[in-house]
Each structure stands twice: as structure tokens, then as C-alpha cells.
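K.L.:
To start, I am sharing the structure in question, which I have written as C-alpha cells.
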Amino acid sequence: MPDYYDISDILMEDEAVSVVFHVGANGVGLLDPGTETNSVEKGAKIDLPFWLAHELCRRRAVSITIPSCFGQKMKKDVQADAACVDLGTRYPYFYEFGCKLFPLVGDKSMGPFLRHTFASRYKEMLSKSHTASLNAIPKFVLRLSKEEYQLFEAARSSMVEFKKWRVRDLGLMKTTIVGHKRKTDLH
Amino acid sequence: MAGQSDHSLSIFSAAEVEFIAEDEMIEIVPNIRMDALNLLCGDFGPFLPQIPCTVPLWLAVALKKRGKCSIRTPDWMSVEKLTQVLEAERESPREFQPLPFHYVEISRLLLYHAHDDIPEVYMVRSLIEDIRNVRFHKVESGLETISGRTHAVKLKNLSAMEVNLVRPFMARVLQAFYKHDSPEMVQQADTSASKRPQVVDRGPRRDLRPR
């Protein structure tokens, strides 16, 4: 269940999902830009924010269709190369959203799909996040979802802090610390 | 501090780990005469010139700063020992060599304050750097093999500073994997009970070193 005070949860639940109404609803015509009367017809396809769709789905008033971010095209992209999929700009709440959506929609393959995506991107992220420096933001950071970005930040900030501590009093001796470059270094 | 945004992952800053490391005992050779020090953590002294004695590192550094002693290098910090350790680290891709728990902090403090007391100080410094790099890469490559069913990650012989470095990342990664894994396990119990013999079984322990 979403954390009531968690701001990222609140933002995440604002994502739009497309739903199909099972019942007609009166007085909420502004949800559907195409109606003349102030009501929504049964069987209409509307875009609602997730928090609304979630509640209505619990009361069996609507059924949620899987949004495009979990559809076939995304699955093909992930299978091709999971690390290059651009989750940061398009779907920053990819994983949280998927976890929330998963019990509502009857698609059993979505859970393993999420985990597989995360696992393959994680390998890529691991080495890069530890060696990234403070100022240069590697391009792949823009491709991370919010959750992955937190992981990346945690690793990077602890690494940077350690480096600062290491050269703290050394002053002129800093040059002897610069060792051989390894292939995973991103400088 | 790296972990502050998430209070459940409170970690130590590097300076705090150094502070804890300063409690290690080390040998010094004083060059002054001083009475015994009766401190809360123990009694040290009396200090006689040219008689070696064992004191905590913070006391040794304080005395050294005032020019009252010279610090004797610990055994593990000699060039031969360090070269041995480095060779062994490079040879075994999954094991970590036993090193003192606070070797990073102790070496840094000694190299800064007592570099005239250490023989071949530049060699020692570069050896320790290399050892640190090799171990850290081992940690990283071990972390790559974490899958969803990892309940615990065991790293033997890792030093305090290295642990502190990976702690926030590893905690969050394990949390994320756990979050992704648990509902699927429950859901799949209904559909594919025949495929998986025991769904509630703990996954294989993921050791980062052979037992």
C-alpha cells in the first residue's frame, strides 16, 4: 500500500492509465472530454489518474488496460538491451508503477518482466555508479528511473565522500595517489 | 553523509570510521620521560625514553604531533608483507586476504603523520592503494551476482572502510530486489505450483567467497 507521506508515491500515482468503465457514472462528465451530457457512458474509454483508477477498480466499476509502458514494444526493447531503455525521461516511476499495477491487472508475466528488467539494468549500473565522479554526470544517469537513481546516488555519494576523506590532509601528496586507470573508470 | 536521506540506512561518514579506528593499539618509542597516564580506557606508561610501549592510535598521533615519540610501523605494513598480500589478492578472484580490520584508516593516519618513521613510504603507499583497488573490484564483481533470491550477502575479511563504502548501495539494492521478488513469488504459487517444488524455501545462500 502506498506510503501516505511519501512524495514520490504521490507523484507516481498521478500517472494516467486508460480504463474502460463498466458502469455509467453521472455528474462526472468532465472526465470524458467527448460527452455532451454530464455523465460517462458504460463502456467508455477514459484516461484517469492512477489513484482514481485504483479505487474504482477495487469497486469493480472500471477495468484497467495495461498502459503502453508495459506493452509489447517495451518488452521487445528490454529484450534487445535493457540497459539502454530510457526510463528516466519517459517513465521515471516505472518500477513502482508496475508493482502497484500488477495486482489489478490480470497479467502474470508483468512481475517477472519487471524483475528481469531491473536485474539486467542493475549489472550495468553497478560498476558505473561507483566510479562516477562528482561533476560529470554520465549520460546513462538520465536513463534511470527514480528508484534506480536513488541507488546510483547512494553509491556515488559514499564513494565521493571516501575520496575526499582520503586526500583531505595530504595537500601536495595528492599526486602519488593517482594510480593506474582501470577500464571501468569513467573519467 | 550518504545515507541521511533515508534514515533506515544510517551509515557512518568516513571521518567517523576513522575515529573508531583510532582506538587500535600501536607501538611507539617515546623520546621523553613522562609519568603514567591513567585514562578511562586504560593505563599507559610510564614513558621512558627509547623504551617501546603500546598505546592507542589517537594517543600515538597526538604524541607524534608534539614531537614526543616516533611511531613503530606495525608488522603488516612492511613492504614484503604488503607485496605478499597483493599477490595473493590478485591470484584469488573471490577471496579476500585477511588484513587488519581498520587497515585503510590506520595506514592513512600513519602515512600522514609518521611518514618519516616508515621505511620506503612511497612503496607502502602505492602498495596499499593497489590492494585497496583490487579488493574493491572484487567486491563489485561479487555484487554483480546478486539475484532476486539472495537473502544475505557474506563478505569475509572485508575492512571497515570498505564495508562502509558499499553499505548504502547494497542495502538499497537488496531492498529493491526483495520488493520486486515477493509479490511475484506469492502470485506464482497459484499458477505454477508444480514447477517450483518449494515456494517458501529460502534461496541458495549467495556467498561471495568459497566456504
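Just so you know, glycine gets a Cβ as well, placed from its N, Cα and C.
In TrEMBL, annotation is done automatically, which means it is predicted and not curated.
Relevant sequence annotations retrieved from TrEMBL are reproduced here:
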DOMAIN    A:5-57  domain 'DNA replication complex GINS protein PSF3 N-terminal'
DOMAIN    A:72-165  domain 'GINS subunit'
K.L.:
Kindly report the helix/strand/coil residue split of the domain 'DNA replication complex GINS protein PSF3 N-terminal' (A:5-57) according to DSSP, in that order.
P.N.:
17 helix, 15 strand, 21 coil
K.L.:
When DSSP states are grouped into helix, strand and coil, how many residues of the domain 'GINS subunit' (A:72-165) land in each?
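P.N.:
DSSP composition of the domain 'GINS subunit' (A:72-165): 71 helix, 0 strand, 23 coil.
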K.L.:
In this predicted model, what is the average pLDDT of the domain 'GINS subunit' (A:72-165)?
P.N.:
75
